[in-house]
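Engineer: Got a structure for you, written out below as structure tokens; questions coming shortly.
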Amino acid sequence: MAQEQEYSKLIDTANAPIFGIDLKGLVNVWNKNASDVTGFTSEDVMGRHLHLVNEFITDDYKTSVQGVFTKALEGRETANFEFPLVTKAGTRVQVLLNATTRRDEKNRVIGVVGIGQDITARMAQEQEYARLIDTANAPIFGIGVHGRVNVWNKSATNLTGFTSEDVMGRHLVNEFITEDYKERVQEVFRNALNGVETANFEFPLVTKTGTRVEVLLNATTRRDESNHVIGVVGIGQDITARIAQEQEYSKLIDTANAPIFGVDRDGLVNVWNKNASDVTGFSTDETMGKHLVNDFITEDYKERVQEVFTKALDGDETANFEFPLVTKAGTRVEVLLNATTRRDAEGRASGVVGIGQDITARIKKEQEYARLIDTANAPIFGIDLKGLVNVWNKNASDVTGFTSEDVMGRHLVDDFITEDHKERVQDVFTKALEGDETANFEFPIVTKAGTRVEVLLNATTRRDEANHKHVVGVVGIGQDITARIAQEQEYARLIDTANAPIFGIDSNGLVNVWNRNASNLTGFSSEDVMGRHLVNEFITDDFKERVQNVFIKALAGVQTANFEFPLVTKAGVRVEVLLNATTRRDEHNRISGVVGIGQDITARIAQEQEYSRLIDTANAPIFGIDLEGLVNVWNKNASDVTGFTTEDVMGRHLVNEFITDDYKERVQAVFRNALNGVETANFEFPLVTKAGARLEVLLNATTRRDAQNRVTGVVGIGQDITARIAQEQEYSRLIDTANAPIFGIDRNGLVNVWNRNASKLMGFAGEEVMGRNLVKDFITDDYKERVQDVFTKALEGRETANFEFPLVTKAGVSVRVLLNATTRRDDQGKATGVVGIGQDITARIAQEQEYARLIDTANAPIFGIDLEGRVNVWNQCASHLMGFETDDVMARARRPSGAHLVSRFITDDYKVSVQNVFTKALVGVETSNFEFPLVTKDGARVQILLNATTRRDEQNRVIGVVGIGQDITARIAQEQEYSRLIETANAPIFGIDRDGRVNVWNTCASNLTGFGVAEVKGRHLVDDFITPQYKSSVQDVFSKALSGVETANFEFPLVTKAGKSVEILLNATTRRDERDLIIGVVGIGQDITARVAQEQEYARLIDTANAPIFGVNVNGLINVWNKNAETVTEFSREDTKGKNLVRDFIREEHRDRVQEVFTKALNGDETANFEFPLVTKAGKSVEILLNATTRRDEQGNVIGVVGIGQDITARIAQEQEYSRLIDSANAPIFGVDMNGDVNVWNVCSANLTGFLASETLGNSLVDNFITPQYRPMVAEVISRALRGIETANFEFPLMNKTSTKLISILLNATTRRDETGKVVGVVGIGQDISESRAKQDAIMKQREAEAAQAAQATISAHVYHEIRNVVGAVLALAERVSETVELSLLAGSPFDAEEATKLAKRMKVEELRGALTSLGTDTQGTKPLLVERLVDARKTESSQRGQQMMQRLPDAVRKLTEHQRVVCQHAVNTLNDMLDVAKIENGTYLPKEDVVDLGALCARAAELQGPRLQHAVELIVDAPQPGSLVVLTDRVLLLQFMTNLLSNAAKFTSTGKVLIFCAALEHSSSSMADVVLAVADTGPGIAPAQQKRVLMAFTTGDAVPHEDLSDTAAASRSTGIGLRLADLIANVLSLHGGPEVEVDEEDTEMKEADALPRVPSATNLYEHTPQRRWWRALRTGIQLESPVCPDVKTTLGSRGGPGTLLWLATRMKRAPAGSVEDTMVEERPSDNTRVLKLRGKMRVLVVDDQRTMRQMVATLFQRLCQENAGLEIELDTAISGEHATRLTRVRRYHVVTMDQQLSESYCSAVSAAREKKRQDNELKTDTLSPRDGFALSLTFGPDRIQNAQKRLAYFEREIDGQAPEPGDGTMVGHEAIRAIRDLEVRQQRPPTVCFNLTGNILEADRRQYSANGSSGVLPKPTKLSDLKNALLDGVPTFLANGSCVQRGNGVFHAFGELQLADRRR
């Protein structure tokens, strides 16, 4: 049994995951490591019928894993099988598994057990690499060694449209690279496959749609683990849009319709677009380089604008900044600017660019609006989107008292609207912000003085100016209707409170006015009568008609006064009313009803009768006197009061006889006043009673009048106030003796009441305070304002109760007083002051503060609510608990009331119950220990246990609820946790109550027994679920537990629902309540049913495992030895049992280490993955990788060691093989450990550095073998690799032991890990790149030099291009001068010297002035003599001299212009030669291999240069017959060489001969020919001193041809660089053709016999002459001899001078035999088969951005038309490529000449000029074709004068017909031709003949033009012959591409009837 338990423990504690399944695939083994790896405990997976494959294997592996298990269940075991397990967290763990068949004791298969390794991290790493490549946001693709795609990530797919399936296995270069790049891309890949990687290489990919995508690529060599190159991987970037974007940016900026300008870091302008020029008047040239702020910003804004730019340079950009610019005219332009930081490629700020808007007009308009708003006589205010005030005009300030500064930025509704209107006003504004405006909305605003102003408002939505759809706020235009409202309210109040009945009806007679008096009078309330018919329902029948008649008249506008009629009251009584019926009208004066103001006169008569009775019986003394003061009224009460009867007083003088002496005068004055109509009220005076006592009377003396309103006496109604006076005196005594402080003030705030208690409290006597200002002198400063406010309100009648404030005592102490401030009134009710009855609450305040402090600092949360449920108590503990501070929940300034506790802080599920508790507490029913949740500030839920107590005030009235709570969140969580733990525990837990009935039954108990909770709850556990034999013992255990005696580890059986017995190991624990009373028993058990079977199974598992397992006891003797151990070692279990493992089975050299491992394990220190060798029975050594695990018994005592191993013999052999490979590799490999010390150093590393492995191992790599400057970098690479961050292709130098030479290493630093994945060091596989680095450096230097030369050549070419443009323009203008003068004379128009001088200045032809001067013209006069003579000649037509002058002038001008043309042509020739020299000198010209017939080429050179020879010079050609000497060389260069030599000879030879010589030496081979090419002459020769200089540029020749030389002399002019160019050509041909011919002068056999060429010669000059090898190679390039040698002189003859001989001797490749025939045809001097014949109508388009050049080309076509009688020409001009493409869409052309470099700025200038002409009404629209809207064409015919006149007129008005569009000028010439070609393809047109017109003709340019569809190139300046040659030479091409067709002998354009050429006859 112990053995089985031990096996179980071993499996469970093994540090490798071990799991097993039964025959059904259900898990039955799951060790601790398996739990750690997956997160599932053994309880999670065991015994729950969980199928390993179905539950824990991912879907994609289910089938394969099931297959492995199925095979193992059949006895076929599988080793090292990878599959994934699903963890508890849902993640995927990769496991490497050995699946072993499990068998029982009868060897029957009962399941499978697997011992695995977690390889998740390794797999994740591999997958991560693949994922990184596939999801990278850069295109990544790779090829194999054969160039076929094997990597293609998603970004590459997105970029090209090709999926990985589309491209995999296809050849990248052949199928996806454009033709022009194939060779270069292939070269990059070829280099990378050779280990030479390329960075930042640009090349195009062809997408699936056929478009071209530009990619910037890093091509990296891919290698396998053996460092063999296996392909190339490229990581790229799509840069297609980058260049286009940059060009687009420039165009957008310049053509933007907003001003854009920029500055550099110094604030100098570097961007200034056209709109900025338009806005300011300053052109770009005027602003560039100037300081923007200093020169263009007004003084008041300089500092602010500079700050904006400074911030932008720091990266802090500013949007919508307004500032002014100063225009050129000095005006101020307001600009709204966005200042954006400009950055260079490295992201550094390089300047600022600003995109602006001219808001000058907008600012003016806004200022005008602001003025209108601010001066409006209506209040106008506005708010933004947040409701904050942003508009507040002057009237609004006047109305409210708040200035704009007071309100701006404050919330209008929150701060200025009364509470009762806030919601409605906010709703109006909210709707307006949504675009729903409101008109005539009334609402109140609170003024600064606190009063309420009524406003009638129109709320209008405000929108921004840029997009009127964007709402930015609300503006309200109002009216102050406060007075109107008050008036209306006053009217309503007057009507309602009038003491007369007022009622009204509408036009239908229905009641709509019914005031209080009418209600009082009739008993009907307004609700009773409103809308009912007044006459029908409230008038007695006898009066209905009359009353209706009165109302009808009033509704017709006829009003009735004092009309009496009866109303029926609610009680049915009749009330008499005296009525005034008044017509009611609305605001439009329309009658809307009738209102009646009445009087109730029912009681009038009765009243009058009653008056007498009332007076007599009144309980107040009433008496009256007549005019003489004699008593005539004396009622009964007066008798009672005074004792005098009526009879006693009637007729007696009241004052004299009944008033005390001290009052007689005053009473008499009162009566006198009353008799005068001035009545007196409340007059006090004394009467003397009959008994002589004094009676105090309060009298109202009223004037009596008769019916005519005449005064008849005075009546006095009095009151006996004798007792009241006594009472008042008593009150005074009470106040003074009250035990509460009482004080009072008058209307001025001065003290007039101060009782004794106040004196005692304050220390001030009454005398000290009377008359002093109470607030000013006795209130503390902080309360003065509030106390004054209370007194002010009281003086206004608004009394204040229970107001607390402090008084300052005489001792300076502050006394707190609780005061009731009561208004004091006089007898008329007027406020005369304030009296305050107070209480000294100083002690009470201290007590309350103490209470508040206690509450706030209590360590329990305390909070309270008022009657509305709003928080008014919130202590610190509540704040800490909830996260809400007191200010968050309590009332404050902007929130008059606190937050509602239930609504704000209670969860929805508890709101009702908590509200119920508070509601009960508010009615006095308190609740204790109530649990409810509060929501904290961060949204968490806090459980509170609360005592809710009713709060009462001092009158015991309920004023709120206070709750003292406890935070029981943790306790609740704990209880819930306990419940959850019990329910979810993977052990069966059940409990019983005191009666033994089940009350706890968790899920595990249900699963175990099959009984659900509902089935067992309340049933007796022992009786119903325990087997009979255990009932007694189980009951005894429960009984003991119910008495407090608990039992542990008690085993008993439970009966399952299926009737089976389940063995339980139980801990029976007593359950107690909170008072520690026993309430039951709970048992936590374990199902131990399968334990014994499992332990037995473990023994079988160990024995049958397919890994060797063995164990030793504490003495080291073997006690475990499984079958696999037998297999591995060949020792049986019997052979090993009881033997010492270390001594008997371990080799001696390993015994100590193995013994140490076992000793440590016996001490509890286990060892994993320990390698050691076992000796087999055959004496062999088997390598074992062992996990040594401590074995323990059930008490935990160590009883031995068990080891689970793996046979790693093969792996060790493999590793040793790897080690051998590393050591013998021909690449340096070295490694370091975690400390950076060398632990790998292969032989190659030792050979390379000179350091042996023994010298390096254990030493620091960085410190000892790396140069100091590289140590930090190498240390960083190693440090990163030790952190798992590997580095590829890192270059660094290694030191060499024997020399100072450093070895450059290209290294891949790879992290080394052990089998557990832990980093253990770094290994580096390198390459010695010292030699390749040196070569690469040399190549880079060479490339830099070549790049510099190429750049120089490019610059030179562009300079020459520009000079050609100028020269061409001058040449064209010269021809136009001649033409203009001639036309003027021929047409008979006056032509004076002033016009000629102006023309000369404009055309820079100063020679014209000289010509005129030579003819006798005074060029300085305003009336030149010449002109006068011409005019006279015209007038008389008889002057012979005048006629001669008319003939002479054009000839003179023509000579000047012809000379000017010669000068220009000379300049062009010079430029051409200079360009050729520059191209050859800098190496940018690469010679071609053309098939060249040297005999034919010499004949061609003679044909070209023969005409230049002078008449006395003979030309001799001594060359092979055509076809006999054909070589491969550059035809153009060789022809140039020969013509330059001939040109030099022609220039200097005036008589004699010029010889052309060509021959091949006899010893030339069949593949190579040693060729001699020479030119000799009989000229003056070259002096020896000059022979070194003659081949240098510009050593001969004329800078400008001389005007005074004859034509012959002019023909011999030279550029001075012809021989230099010929010498350079000779060098190029020698370099590329082969080594120069070398003849050894010491070889005597060749001196005579072989020295001369043995070639056929027409003249056979060398047969009898002394022979000499003059063609020897004396130098590289041209060979020169002067004077010529005798044998040559013999050939040339005796005439002439000593002569010059120039020759080239070089080796050339012979052309293949098949090429000879073609070459003979190709090299004919000229093709005489066709001639140019132009007939029909030719349509021409001339495209150039210079008007002069357009005229020049037009002139050529004009002359072409004049030379061909049957030719008509229609010619259009365009100024841009875009313009040309628009024209070609609607018009078809035969010929297009296209300038290459076009100008966007020129197009913009033309557009601006046209706009100005349009504004000045000068733009002529008659130049446009009504058919297509483009300019009318210029037509040429045979008439020369008409042609010239039409051309001049056309170009004079050309601008009217041009219509540039934005962006025109950006397209270059070849792009425009490409667009035309594309259009022709789409429209299926025949191709147009398109010539590029340019001054820059480089070979690369020619190729580019040709690739884009050009028909050829015309140079600038172009001659008519150039045009004619281009047309004729292009005929074969035109026929081939379909531009032309052959019709008989003629060649016609495929479009129209235009003939180009004809067969030569």
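FYI, residue positions are counted from 1 along the chain as it appears here.
Here the Cβ of each residue, glycine as well, is placed from N, Cα and C on the backbone.
Feature table excerpt (TrEMBL):
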type    : residues  : note
DOMAIN  : 3-76      : domain 'PAS'
DOMAIN  : 79-131    : domain 'PAC'
DOMAIN  : 125-196   : domain 'PAS'
DOMAIN  : 199-251   : domain 'PAC'
DOMAIN  : 245-316   : domain 'PAS'
DOMAIN  : 319-371   : domain 'PAC'
DOMAIN  : 365-436   : domain 'PAS'
DOMAIN  : 439-493   : domain 'PAC'
DOMAIN  : 487-558   : domain 'PAS'
DOMAIN  : 561-613   : domain 'PAC'
DOMAIN  : 607-678   : domain 'PAS'
DOMAIN  : 681-733   : domain 'PAC'
DOMAIN  : 727-798   : domain 'PAS'
DOMAIN  : 801-853   : domain 'PAC'
DOMAIN  : 847-925   : domain 'PAS'
DOMAIN  : 928-980   : domain 'PAC'
DOMAIN  : 974-1045  : domain 'PAS'
DOMAIN  : 1048-1100 : domain 'PAC'
DOMAIN  : 1094-1165 : domain 'PAS'
DOMAIN  : 1168-1220 : domain 'PAC'
DOMAIN  : 1214-1285 : domain 'PAS'
DOMAIN  : 1288-1341 : domain 'PAC'
DOMAIN  : 1400-1434 : domain 'SAP'
DOMAIN  : 1471-1633 : domain 'Histidine kinase'
DOMAIN  : 1739-1931 : domain 'Response regulatory'
MOD_RES : Asp1795   : 4-aspartylphosphate
Engineer: At a threshold of under 8 Å on Cβ distances, which of 3-76, 439-493, 607-678, 801-853, 928-980 pairs most often with the domain 'PAS' (1094-1165)?
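Structural biologist: Comparing 3-76, 439-493, 607-678, 801-853, 928-980 against the domain 'PAS' (1094-1165), the winner is 3-76.
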Engineer: So, by DSSP, how many helix, strand and coil residues make up the domain 'PAS' (365-436)?
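Structural biologist: The counts are 42 helix, 12 strand, 18 coil.
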Engineer: Validating a neighbour-count step here. Other CB atoms within 10 A of the CB of Asp1795 (4-aspartylphosphate): how many?
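Structural biologist: Cβ-Cβ neighbours of Asp1795 (4-aspartylphosphate) within 10 Å number 28.
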Engineer: The domain 'PAS' (1094-1165): mean pLDDT?
Structural biologist: 86
Engineer: Per DSSP, what is the residue count of the domain 'PAS' (727-798) in each of helix, strand and coil?
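Structural biologist: Secondary-structure composition of the domain 'PAS' (727-798): 42 helix, 12 strand, 18 coil.
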Engineer: Could you put numbers on the helix, strand and coil content of the domain 'PAC' (801-853), residue by residue per DSSP?
Structural biologist: 12 helix, 30 strand, 11 coil
Engineer: Per DSSP, what is the helix/strand/coil residue tally across the domain 'PAS' (125-196)?
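Structural biologist: Once the DSSP states are binned, the domain 'PAS' (125-196) shows 42 helix, 12 strand, 18 coil.
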Engineer: Going by DSSP, how much of the domain 'PAC' (1168-1220) is helix, how much is strand and how much is coil, in residues?
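Structural biologist: So the counts come to 12 helix, 30 strand, 11 coil.
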Engineer: Summarise the domain 'PAS' (607-678) as counts of helix, strand and coil residues per DSSP.
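Structural biologist: Counts, helix then strand then coil: 42 helix, 11 strand, 19 coil.
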